[in-house]
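The structure under discussion appears below in the form of C-alpha cells.
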Amino acid sequence: MNHLDSIEESKEESDKVFNFVSKPKVDPGYYSRSGYNEKQLASFYSFKPIKSENVFYGSKNYFMKYYKPSKSCFGKYILDRIPFLRWIVKYDYRQDLFKDFISGLTIGIIQIPQGMAYSLMAGLPPIIGLYVSFFTVIVYVLLGTSKHLSLGIYAIISLMTKACIDSMEGKLYPSHLEISSFNLSENSTNLNPNYLSHDPTEAKIMIGMSLAFFSGIVQILFAIFHVGFVTKYLSDVIVAAFTTGAAYHIVTSQINILLGIKLNHLDIPFKLIADYIEIFSHINHTNIATLIISLISMIFIYCVKHFVNEKYKDKMIIPIPVDLIVIITGTVLSYLLKFDKRWNVVIVGDIPLGIPAPKVPPLHIFPLIIGSSVSIAIVSFAINISMAKLFAKKYNYELEPNQELFAYGLGNVISGFFHGFPSCVGLSRSVILDAVGAKTQVYAIFASVLVLIVIVGIGPLFRSLPNACLAAIIVVALISLLIEVRQIKVIFKRSKFEALAWLITFSGVMILDVDYGLYIGLCFSLLLVIAQSQRASVSVLGNIPFTDMYENIDICEEAKEFEGIKILRYEASIYYANVDNFIYKINKLCGINKNDIFHKINKKKSEYGRMLRPSKFKKSKVSDIKISEDDVKKEMEKKISEILESIKIKDIILDFSCINFFDSMGVNAIVQLNEAFKELGVTIHLTYCKRCVFRVFKKNSFQDKFDYDRIYPTNHDAVLSILRNRKSNIHLLSNNKRNSSIHISLIDTENPLKTMDSPNPVYVIKRKPSNIFDDITLSNRSRTDSIPHMHTLDEASF
C-alpha cells in the first residue's frame with residue numbers, strides 16, 4: 001500500500017463514521033506544512049511596512065489623486081465630467097433614433113401635465129414646473145450617466161418644498177391674516193421689512209429658487225468630496241416608509257383643491273391630524289362644481305391607466321396620454337363654459353410666455369432653509385440613485401454615483417436661476433420610459449423640445465385649466481404608493497428589525513411631519529446599526545477533519561473542537577460601544593468564571609496566610625516538630641495549582657476575520673483579557689488580523705503589551721503551533737451536543753492497543769524512535785489495520 005492509498009483509505013473509513021456528504025480531497029502536502037505566526041511569515045515573505053495615517057498628508061494625497069490638473073488627464077477629466085461627449089460619438093442613429101424619438105414624445109406629453117400639477121402642489125404657479133422640467137433635463141443629458149432616468153419633478157420633493165415654503169410664512173412673506181388686514185398697495189410700509197416680497201406668490205418663487213440653488217450646492221459638494229455614501233444610511237426600507245407616509249400627506253394636501261375649499265395653513269406638529277380637522281371643519285363649504293370636475297377627472301384617469309394602458313401595454317406603441325387629454329379637455333370646457341365665473345371654480349390663471357430672465361436667488365435666507373436644503377438634497381439623491389442603479393443593473397451598463405451627484409446638483413443650481421425649485425427623478429415616468437423602449441438620453445432632447453414649445457408658445461392657452469384637474473392627476477398617480485402600506489407584512493416576514501424601522505419611520509411621517517419623519521427614520525436606522533453591533537454574536541469554531549477549515553460547531557455537524565482549545569470568532573468590529581459585550585461573550589463561551597477562580601485562589605491564600613502568622617509557629621502538643629514556613633508555602637502553591645489545573649481551557653484563539661475597525665478601547669480590552677487569563681494559565685492567540693487592525697495595534701503600542709509570536713495568519717496555523725508546543729496527549733473533542741469524539745493519543749505502535757471499546761474513530765500518532773518532529777506525512781496503516789476505527793498519522797503532524 002503506497003502513501004496516497006493510505007490517505008484515501010483513511011478518508012473512506014472516516015466517511016463511514018461521519019456520513020460526510022462531500023469533503024475536500026485530502027492534500028498530502030497539507031499535513032507537511034508548519035504552523036507560522038505573523039513574525040515567521042514576515043521573515044519568509046516581503047510585506048510593506050505599516051505606516052501611521054496622517055490626516056494632512058492623507059487629504060493632500062486624496063486631492064492630488066482626484067483633482068490635480070495635468071495635460072495628460074485634462075481630456076479624460078472633461079470626458080468624465082461631460083459623459084455626453086463620450087457616448088454621443090458612438091450613438092447608433094439607425095437602431096436607436098426612432099425609439100428615442102417615440103420615447104421622448106411620450107415622456108414630453110406626460111411631463112407637461114405632471115410638471116404643472118406637481119408645481120401647483122409645491123405651492124407655486126404651474127408654469128414653474130415646466131421650467132424645472134426643461135433646465136434640469138437638459139443638464140442631465142450632458143452630465144448624467146444613466147440612460148433611463150426621467151428627471152424633472154416628483155411629488156415627494158414637491159411636498160418637501162411646500163413644507164419649507166409654508167414654514168416661511170410670516171417670516172419671508174406676509175401671512176393670509178396680514179394680507180386681509182392691509183391693502184398692500186397702500187400700506188406696504190406696515191409690513192415686515194424682512195419679507196422677500198409683499199406679494200406672497202413672488203416670495204414663494206424666490207424661496208423655491210433658493211431651495212434649488214442650495215440643495216444643488218450640497219449635492220455638488222457631496223460629489224467633490226465623494227460623500228455620496230451618506231445615502232446608504234437611508235436603507236430601502238426607510239425610503240419606502242418615508243415615500244409611503246409622504247404619499248398620504250400629498251393626497252391630504254390636494255383634498256382642499258379637489259373640494260374647492262380654502263384652509264388655514266397650520267405649521268405645527270401632528271400636521272396630518274390638524275389638516276383633517278381643518279378639512280372637516282370647512283367641508284360644508286365644498287364647491288359642488290369643483291367636486292364634480294375632480295370625480296370625473298379621477299375616474300377617467302384611473303380607468304384609462306389601469307384598464308387600457310396597463311392591460312394592453314404590450315400591444316400599444318405608446319400609452320394613451322390620459323393626463324394630457326384631461327388637461328386639454330378641462331381647459332377647453334372651462335374656457336367655453338366659464339367655470340371660474342359661473343361656478344367659482346379655481347383656475348390656473350395667467351401663465352407668462354417665454355423663458356424668464358436669469359436671476360440670482362436670495363442667498364441671505366440660507367440659514368433659514370439650510371435644514372430643508374440638505375434634506376431635499378439627500379432624499380432626492382437617494383431616490384435618483386436607487387432608480388438609476390435598478391436600470392444600470394437591468395441593462396448592464398456602468399453608473400458613476402459621484403458624477404450623478406454632480407449632474408443633479410448642477411441641474412438644480414442652474415434651475416435656481418430660472419425660477420425653478422428642486423428636481424427629482426419621476427418614478428412613473430422612468431418606468432414608462434423603459435416600457436416604450438428608450439435607448440439613451442437622446443429621448444430627453446425630444447421631450448425637452450416639447451416642453452419648450454409649451455413654455456414659449458402655447459402656455460398661456462392653459463390659463464382656463466381648473467386646478468382640480470391637476471389635483472386629480474396627482475392623486476391617481478399616488479394610488480400605487482398609498483397601497484404600499486400592505487408591504488409591512490412582507491417586510492415583517494423578512495426581518496423584524498426592518499419592519500420596526502419601517503413602522504418607526506412611517507409613524508414619524510404620519511404623526512409628525514415629512515421632515516421630522518425622515519430625521520426620525522435616519523436616526524433610528526443609525527441606532528439600529530449601533531445596537532446590532534453592540535449585541536454582535538460570537539461563533540465557536542471547530543475543525544473539519546482532514547481539512548484546514550474551521551466552521552461554527554452549531555452549524556456544521558462535522559466541525560469539532562480540540563480539547564483545551566477554544567476558537568472564538570467575534571462577528572463585528574470592536575470599539576467603545578461594544579467592548580463590554582465582547583469581554584462578556586468571550587468569558588461566557590470559554591466557561592471560565594475568572595472572578596470565582598480568583599476568589600478561590602484568594603481564599604486559599606488567606607487560609608495559608610493565617611497559618612504563616614507567628615502564633616502558628618509554636619511547638620505542637622503532639623510532637624516537638626515545628627511547622628515549616630516553606631512547607632506551608634509549598635502546600636499553598638500546590639492547592640493553587642490544583643485550582644488552575646481544573647481549568648479545562650488552556651488556549652483561546654480569537655478569530656478577527658470579521659473585524660474591520662478597532663479603537664483604543666478595543667485594544668485595551670484585548671490587553672485586559674490577556675493579563676487576566678495569563679494569571680489563570682490560559683494563553684490568548686490572535687488570528688486573521690487585518691492591516692487596519694495592525695495599524696491600530698501599532699498606534700497603541702500593542703507590541704509592548706502582547707507577544708506578537710501569538711498572532712497567526714490563520715486559525716490552523718495557531719492550532720498547529722499550540723499542538724506542537726504541548727508535546728503531550730491531545731484529545732479532539734466533538735461538539736457538546738454530540739456524543740461522538742475523535743481521540744488522538746501519542747502511543748507506541750510497537751505495542752498496539754489491546755482493547756478498543758470506543759466506537760469512535762481513533763487517530764493513532766506513530767512514534768518514531770528518532771526525532772518525533774520530522775517532516776509531517778501520513779504513515780502506512782499496516783500496524784493498526786486490525787484495530788477498528790483507527791487511522792495512523794505521524795507524530796510529527798502535531
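Note: Cβ is positioned from N, Cα and C throughout, glycine not excepted.
Taken from TrEMBL, the feature transmembrane segment covers 120-143 (among others).
According to TrEMBL, the transmembrane segment annotation covers 205-225 (among others).
For 237-259 (among others), the entry in TrEMBL reads transmembrane segment. Panel annotation: around the transmembrane segment (237-259), residues 120-121, 155-156, 158-160, 162, 271-272, 275-276, 279, 282-283, 286-287, 290-291, 294, 346, 379, 382-383, 386, 467-468, 470-472, 474-475, 478, 481-482, 484-485, 487, 491, 498, 501-506, 508-510, 513-514, 517-518, 521-522, 525 of the same chain, lying at least six beyond its termini, place a Cβ under 8 Å from a Cβ of the stretch.
Within the chain, the transmembrane segment (279-304) has long-range Cβ neighbours (under 8 A, six or more residues past its boundaries) at 252, 255-263, 320, 322-323, 326, 330, 339, 343-346, 466, 468-469, 471-473, 475-476, 479. The transmembrane segment annotation in TrEMBL covers 279-304 (among others).
The transmembrane segment feature in TrEMBL is assigned to 316-337 (among others).
Summarising the annotation, TrEMBL assigns transmembrane segment to 365-385 (among others). Non-local neighbours of the transmembrane segment (365-385) in the same chain are 149, 154, 156-157, 160-161, 163-164, 167-168, 171-172, 196, 207, 210-211, 214-219, 222, 228, 230-231, 234, 239, 242-243, 401, 404-405, 408-409, 422-425, 427, 515, 518-519; each lies 6+ residues outside the stretch with a CB under 8 Å from one of its CB atoms.
TrEMBL lists 405-422 (among others) with the feature transmembrane segment.
Long-range contacts of the transmembrane segment (442-462) within the same chain, counting only residues at least 6 positions beyond its ends with a Cβ under 8 Å from a Cβ of the stretch, are 91, 96-97, 100-101, 103-105, 107-109, 111-112, 115-116, 126-127, 130-131, 133-134, 137-138, 140-141, 150-151, 327, 331, 348, 350-355, 433. Marked as transmembrane segment by TrEMBL: 442-462 (among others).
The transmembrane segment annotation in TrEMBL covers 469-488 (among others).
The annotation transmembrane segment is assigned in TrEMBL to 500-530 (among others).
Per TrEMBL, domain 'STAS' is recorded for 555-722.
If you count C-beta pairs under 8 angstroms between the transmembrane segment (469-488) and each of 120-143, 205-225, 405-422, the highest count goes to 120-143.
Most Cβ pairs within less than 8 Å of the transmembrane segment (205-225), among stretches 316-337, 405-422, 500-530, belong to 405-422. A Cβ distance under 8 Å defines the sequence-distant neighbours of the transmembrane segment (405-422), meaning residues of its chain 6+ beyond its ends; these are 81, 119, 122, 124, 128, 131-132, 135-137, 139-140, 142-145, 151, 157-158, 160-161, 205, 208-213, 215-223, 228, 355-356, 358-361, 376-377, 380-381, 384. Within the chain carrying the transmembrane segment (500-530), a Cβ under 8 angstroms from the stretch's Cβ atoms is held by residues 159-160, 163, 233-235, 237-238, 240-242, 244-246, 248-249, 269-273, 371-372, 375, 379, 485, 488, 491, 577, all 6 or more beyond its ends.
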